[in-house]
Amino acid sequence: MGLLSILRKLKSAPDQEVRILLLGLDNAGKTTLLKQLASEDISHITPTQGFNIKSVQSQGFKLNVWDIGGQRKIRPYWKNYFENTDILELAELLEEEKLSCVPVLIFANKQDLLTAAPASEIAEGLNLHTIRDRVWQIQSCSALTGEGVQDGMNWVCKNVNAKKK
């Protein structure tokens, strides 16, 4: 197969689309994380009123990342976004029936701060070791510096691929 044939095949094969919900409490760094994934400027972040959506290419996937506001008044509306979700980011939503068997990625964000709890401590506090109905990962990261963010997205792509097979 020549180079031209390979390029045509790659161009004709559409990226598999994956929907990711980015949920968390207000001021957790969700929007910063989203902008970091999209390689956008993170110097001016304001609280999300409603939601933001960005599409990011990664490992043959088109990742449609939904950043849903975390303020108390918005949280009751989170359920409206659950349909067709491929990856879940917030451990508190494990009990939701619509999300059963959906892989869970928990970003232990703000690891650039001296006061940040280590990922192992967060995993223990959330009793993640008791999760048996799905795969899960806790990923140390700093949305501000970008450290650990791509590692988390690599895990997402690997596990969505496994789930879709």
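Glycine residues also receive a Cβ, built from the backbone N, Cα and C atoms like all the rest.
What Swiss-Prot lists as N-myristoyl glycine is G2, and the listing cites sequence analysis.
For S5, the entry in Swiss-Prot reads phosphoserine, with the evidence type similarity to another entry.
Under the heading GTP binding site, Swiss-Prot lists 24-31, 67-71, 109-112. Neighbour list (N27 (GTP binding site), Cβ cut-off 8 Å, at least 6 residues apart, same chain): P47, G70. According to DSSP, N27 (GTP binding site) is assigned to coil rather than to any helix or strand.
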